[in-house]
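Copied over from Swiss-Prot, here are the features:
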DOMAIN    4-224  domain 'Radical SAM core'
BINDING   R13, K60, T90, K151, R249, I250, R251  GTP binding site
BINDING   C20, C24, C27  [4Fe-4S] cluster 1 binding site
BINDING   G64, S114  S-adenosyl-L-methionine binding site
BINDING   C244, C247, C261  [4Fe-4S] cluster 2 binding site
Amino acid sequence: MKDVYGRELEDLRITLTHACNFTCFFCHMEGENDGDSLLSADQISLVAQIGMEFGIRTVKLTGGEPTLRRDLPEIISKLKEVGIKEVSMTTNGYLLKELAGKLKDAGLDRVNISLHSIDPVIFKEVTGVNVLSKVVEGIEEAKKVGLRPLKLNYVVTRKNAKGIFEFINFASSSNIDEIHLIELHPVGLGKEAFYTHVDMSDIEGRLNEDCTLVEIRNKHKRPRYKCGNLVVEVVKPYANPIFCSGCNRIRLTVDGKLKTCLYRDDKIIDISDIIKSSYSTEEKEELLREAYRLAILIREPNFRFRYETSKTG
């Protein structure tokens, strides 16, 4: 089902928790405390199941830090049981050494691991914790159990911008499939940290010199480079109408709301009363269908092209 801008809905992003064992200074912090608001594995899978009727095929688990959910394997397995084609997860990697095998067995297909520096000093400055070696161990375990393609996320700030190409060399030599160089964007605490924003133009210029541009991704117009065996993708979502024009995502928040745009707080459908109610499964399913229809109806790009017209005569 398409929205009024012709965009298909394909990907459901699920915030499993606001809790995190890192304190990255630019973190989105899409909420504050979980309280009693966490959705159960059954509630999450029901929302995903109905979403499939409207085009949802893939699910990305996010946080906070999703590996802090003790029922994470159950959540993953239930999502696969209802027919989700691909379940992936964004994680800081701290607990992956212990959990990667269990999550793979539960049905997790792949991971994006947030690693914003391979310099221990800068890593601690960015994340607030001195655990770089443990994250690297988690990366190795993810490779070992087959969570592929394995991608690393690198949010570019003034603190770590000088280390980008050292990071690229590390990823290439470590048999990483892909890295995403992500422009800092002012969402949540990112608003306060936006003074550390780095213009990505110089970085792209260096990539054009040192690597090979292989494609521009069709939906979001992201440039993808080949640096040896490594794919490097540049992600610039903020104030980017091209990015928004290809958006195929909707977010399920930790407290049970369908958020139609990451950058907006005015296009939200609260479904918590539905999924936490004592209604029958059939009643919940029909109400969720109505919620999805409404969410798609009100969904619109946050950033749009502006066309100027002039009148003559």
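Positions of Cβ are set from backbone N, Cα and C atoms, glycine also.
These numbers come from a predicted model, not from an experiment.
Swiss-Prot feature annotations superimposed on the structure.
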residue : record                               : Cβ contacts under 8 Å, 6 or more apart
C20     : [4Fe-4S] cluster 1 binding site      : C27, G63, G64, E65, L68, N92
S114    : S-adenosyl-L-methionine binding site : C24, T90, T91, N92, G93, L152, N153, Y154, V155
K151    : GTP binding site                     : R110, V111, N112, I113, I176, D177, E178, I179, H180
I250    : GTP binding site                     : L9, D11, L12, R13, G51, I56, L258, K259, T260, A295, R299
R251    : GTP binding site                     : L12, R13, I14, T15, L258, K259, T260, L262
C261    : [4Fe-4S] cluster 2 binding site      : C247, K267, R299, E300, P301, N302
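According to its DSSP assignment, R249 (GTP binding site) is in a strand. The DSSP secondary structure for C27 ([4Fe-4S] cluster 1 binding site) is coil. In the three-state DSSP scheme, K60 (GTP binding site) falls into the strand class. Cα of C244 ([4Fe-4S] cluster 2 binding site) to Cα of K60 (GTP binding site): a distance of 18 Å. Counting Cβ atoms from all protein chains shown, C247 ([4Fe-4S] cluster 2 binding site) has 25 others lying within 10 Å of its own Cβ.
Listed in sequence order, D11, L12, R13, I14, S88, M89, T90 are the same-chain residues at least 6 apart in sequence whose CB falls under 8 Å from the CB of K60 (GTP binding site). Taking a C-beta cut-off of under 8 angstroms and a sequence separation of 6 or more, R249 (GTP binding site) has the following same-chain neighbours: L9, E10, D11, L12, R13, L262.
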